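Engineer: Handing you a structure now.
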Amino acid sequence: MKALSKLKAEKGIWLVDAPKPEMGHNDLLIKIKKTAICGTDMHIYNWDEWSQKTIPVPMVVGHEYVGEVVDIGQEVRGFKIGDRVSGEGHITCGHCRNCRAGRTHLCRNTSGVGVNREGSFAEYLVIPAFNAFKIPDDISDDLASIFDPFGNAVHTALSFDLVGEDVLITGAGPIGIMAAAVCRHVGARHVVITDVNEYRLELARKMGATRAVNVAQESLKDVMKELGMTEGFDVGLEMSGVPSAFHAMLDTMNHGGKIAMLGIPGGEMAIDWSKVIFKGLVIKGIYGREMFETWYKMASLIQSGLDISPIITHHYKIDDFQKGFDAMGSGQSGKVILSWD
């Protein structure tokens, strides 16, 4: 089968002929229709320090996808051949305390599809049936293929009550932009998103952000005054991993504010903890999606009228995968879809 593999311990990714994956008794075999390129895939492509420590070589990568079930393990129940599915990319152990308590998103032994095991940049993918999610008929393949990052946005955005609240999102990558759309859809008052990438800030405006602020050109505090905000933001969503962005968030949060953090800093990050203490801030770390509450919420949000389609900006056939990675690497894109049909 065709597959995109990390063949060498250097920058790049390669289109190869790989063996079709073997299926176990509790697995599904999925014929991939569409995949999306994630920021994690770009780290692997660029072979940065994290990738060098984490990714086995050679390995098929990728973890954002939609496809069709073409074979079913003999112990599997609840799926049939022909089902259209995406899937949770975190394979959990099932036996740690959090797994046994139903908090599988907090499994301490998680294995990542396309990170620690063979991924979805291929014509076929095998995953445990437990990890598969059936896609409703009224949700397109394009949208289903980005459910993984959309789930990050939904999990982060819905961590705290948003109705009538003022929300600051730092980082206008695709996940931050989708989070802005979610916040507006569920009833936040002002949703302000910050970045220095004007292309992506314009995408955020299209997706419903109240203000998309280029912090290299405009003061966040001036924007707050313009919006009539006198007491700071109620909810903060940190999506960038950039220390200066988090410092700005701490400066502008209201007392009693709540922060959900998805962005991963490049290393240790010092902050002024007195602001956290004296403001009584709550900070929550976010990793992945709640299994599977976030997945049901994603489907429901789209079915209730949330439109995240503008975040998809580029489509390529798999043979043109290099154009897709170039688009992602340029910073002048939203989500990039690769078609395997």
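Glycine residues also receive a Cβ, built from the backbone N, Cα and C atoms like all the rest.
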Engineer: Among Ile175, Ile302, Ile308, which residue does Swiss-Prot name as a further NAD(+) binder in the site formed by Asp195, Arg200, Leu262, Gly263, Ile264, Ile286, Tyr287?
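Structural biologist: Candidate in the recorded NAD(+) site: Ile175.
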Engineer: Write out, in the order they occur in the sequence, the residues of the chain not among Cys93, Cys96, Cys99, Cys107 that have a C-beta within 8 Å of the mean position of the C-beta atoms of the recorded Zn(2+) 2 site.
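Structural biologist: Other same-chain residues near the Zn(2+) 2 site: Thr92, Gly94, His95, Arg97, Asn98, Arg100, Thr104, Arg108, Asn109, Thr110.
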Engineer: Please report the three-state DSSP label of His43 (active site, charge relay system).
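Structural biologist: Reduced to three states, the DSSP call for His43 (active site, charge relay system) is helix.
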Engineer: Select the closest residue to Ile175 (NAD(+) binding site) from the following recorded positions, measuring between CA atoms: Thr40, His43, Cys107.
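Structural biologist: If we rank Thr40, His43, Cys107 by Cα distance to Ile175 (NAD(+) binding site), first place goes to Thr40.
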Engineer: Look at the binding-site residues Cys93, Cys96, Leu262 and tell me which residue has the greatest number of other C-beta atoms within 10 angstroms of its C-beta.
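Structural biologist: The largest 10 Å Cβ neighbour count belongs to Leu262.
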